[in-house]
C-alpha cells in the first residue's frame, strides 16, 4: 500500500499523470507475464494492474474474458499469480502492483491467509469487482492490518450515498469506471460526462482518482487524464498481447503499445 501512496505523491509533485496498464496473469503465456510487467515499466507504467484469471468475469468484455479463459487453461490460478508478483519483485521493488479480480478465489483461499500471502509476494493492493462497499468492512480491516490497499470502484450509476462511502474509505486510489458497461466497450466512452464526474470525485475523495474502461490509445488516454490523476488501459493492451507468438514478441508488443500513451500523458 505504501508503494501506491509514494508513487502518487511522486507523480503529483512532478505534475504527472499515472499510467496504469492492466494485463491478465498467464496470458499470452505463463512465461510471458513477468517479462511483460518489466516491459510495461520500461515503457512508462507507474502502477501495474494484474488480472487474476476467473471463470466468470462478469465485469469484463469479450477480450478480457477470452484472455482469462486462455490463462485458466494454462493453469494460471491464484498461486501462479502470487508467484509471478514474487518473481517481479526480485528486480523491481518500486513499482506498485494491484491485483484485479473477484471474491470467490479469495474466499476459497481464506481472506486473511490470502492477504498475508499477497503481501509476502509483494502485492500492494486489490480491486475486487464483486465486493459491494457496504459489505467490505471486514475485508478492508484485514487488508489494512497486513498492508494491502482495497481499491474501490465507482461508476456513472453509483448512488450519492455509496459515493460518499467510497470517497471516505478510499485506499490507494479510487477507480472510476467511465461508463456503465463492461471492459473494452470503447464506443461508449463519453469524455465530457466522465470529466465532469472526475472533477467532482477528486474534490471529494481522500485518495487519487483514476479513470478506466474505454481507454484504448494515446488520444483517449490524454483526453481522460485531463481531469483524473491517472488512467487505466486494459482491453486494448490485452488484445495486442494476444497476438504475441513468444515472450520476446510479448515484451515488444507491450512496450510498443504503452510508450505512445506515456508520451501523450506527459505532453498533455
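Cβ atoms here come from the backbone N, Cα and C positions, even for glycine.
Per Swiss-Prot, these features apply:
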- 49: active site, proton acceptor (ACT_SITE)
- 60: active site, proton acceptor (ACT_SITE)
Under DSSP, is residue 60 (active site, proton acceptor) part of a helix or a strand, or is it coil? coil
Tell me the Cα distance separating residue 60 (active site, proton acceptor) from residue 49 (active site, proton acceptor), rounded to the nearest angstrom. 14
